[in-house]
């Protein structure tokens with residue numbers, strides 16, 4: 001039997017089954033207990049953080065094969081991987097391949113951002129059924145696809161219908177672009193890259209055509225009613241995130257952020273879980289401000305950022321430009337990092353791009369956990385360092401974030417098994433590796449005794465005499 005089947009059986013049909021609902025009534029759910037063990041934290045702390053809104057456990061009651069996880073400042077920094085088909089590329093099997101690779105290389109959640117080229121319901125259902133990690137979606141994509149791309153035919157009910165369909169299928173969190181208001185649109189004037197959010201762009205077009213307020217904002221309470229029946233979490237979308245350094249931290253971005261804070265509180269009144277999405281493209285000196293501002297405006301709801309990229313001049317290497325910003329954002333308190341692949345701004349990622357992007361972001365998240373002094377975060381680093389000093393090559397590979405890549409690079413020049421016991425690699429060769437110089441603690445203790453008995457002046461004189 002699938003693990004969560006018995007957990008959720010008694011909840012089905014209730015008006016509110018969210019983790020926040022139970023936490024606020026001091027009920028520790030099976031999901032909270034599972035997360036507590038995973039994070040090595042007390043169950044009571046998990047319950048308190050979920051109740052407070054500083055942590056979410058995205059766990060739709062219809063996603064039965066899910067292994068619950070937590071997103072929040074009290075837990076380890078998480079990484080999301082985006083996959084999804086486009087009208088020009090990919091199919092269901094390709095997306096499942098990307099999913100399996102993402103999970104293999106440590107994705108904590110996966111978003112299906114399919115926009116076309118496949119049956120969207122088919123690919124989403126296949127991904128959810130195959131995924132042990134939470135699945136997120138952006139429902140406005142399918143809402144537009146359902147009316148064949150015709151903004152003028154897209155109604156408020158179309159949005160709500162698709163949102164509930166995703167909940168029924170088992171989606172654990174949905175990006176809802178409810179913070180973009182019609183009065184925010186003029187603030188985009190003067191930007192270099194305008195609106196770069198696909199979902200935000202769709203809603204901006206809808207508002208410009210209909211001259212009405214954002215339907216996801218006006219119907220927000222209706223969406224909350226849907227979400228709490230399935231325990232689907234909000235990922236409040238940042239439609240006005242900056243798409244370049246020039247636009248970072250501008251009036252448009254901050255106006256939307258203020259609205260996202262208000263929506264966070266509205267969702268919490270329904271006991272619905274919320275995280276808030278963030279930029280984007282941000283210079284390094286503005287990253288701390290962006291994280292602190294989100295925490296202030298959104299009352300410490302978990303922050304989920306895309307990057308941010310710290311420079312705009314490296315197409316093909318944006319997994320690197322963004323991992324730099326992601327590590328900093330994680331250090332300052334961001335709860336989840338959305339990966340960027342080398343294909344960002346250039347094309348649809350293939351499976352190898354997924355691997356490259358994910359490893360870059362696992363590095364960033366791990367570095368953030370170390371910088372935040374999270375308990376045990378550095379244990380694996382220390383263990384690998386001991387293996388490195390002992391020339392235990394197989395142990396080094398095993399402890400690596402990407403064992404296959406580490407082994408592959410080592411074996412390019414020294415492939416034979418005998419070199420797995422060698423006290424060198426091809427960088428220094430057999431005679432020049434500094435780690436071969438095994439200076440023991442006993443050696444250093446003896447040196448300390450000599451230094452203390454002779455004194456600095458005598459040691460320096462001895463050195464000069466030797467040089468002469």
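Going from the start of the chain as shown, residues are counted 1 onward.
Each Cβ is built from the backbone N, Cα and C atoms, and glycine gets one as well.
Together with 82, 111, 141, 197, 198, 199, 238, 239, 240, 241, 277, 304, the substrate site in Swiss-Prot holds one more listed residue from 63, 161, 177, which is 177. Between the CA atoms of residue 241 (substrate binding site) and residue 425 ([4Fe-4S] cluster binding site) there is a gap of 46 Å, rounded to the nearest whole number. Neighbour density for residue 281 (Zn(2+) binding site): within 10 A of its CB lie 26 other CB atoms from the protein chains shown. DSSP assigns residue 82 (substrate binding site) to a strand in the three-state reduction. Taking only the Cα positions, the spacing between residue 428 ([4Fe-4S] cluster binding site) and residue 345 (Zn(2+) binding site) is 39 angstrom. Its Cβ placed at the centre, residue 141 (substrate binding site) has 21 other Cβ atoms within 10 Å. Under the DSSP three-state reduction, residue 304 (substrate binding site) is assigned to strand.
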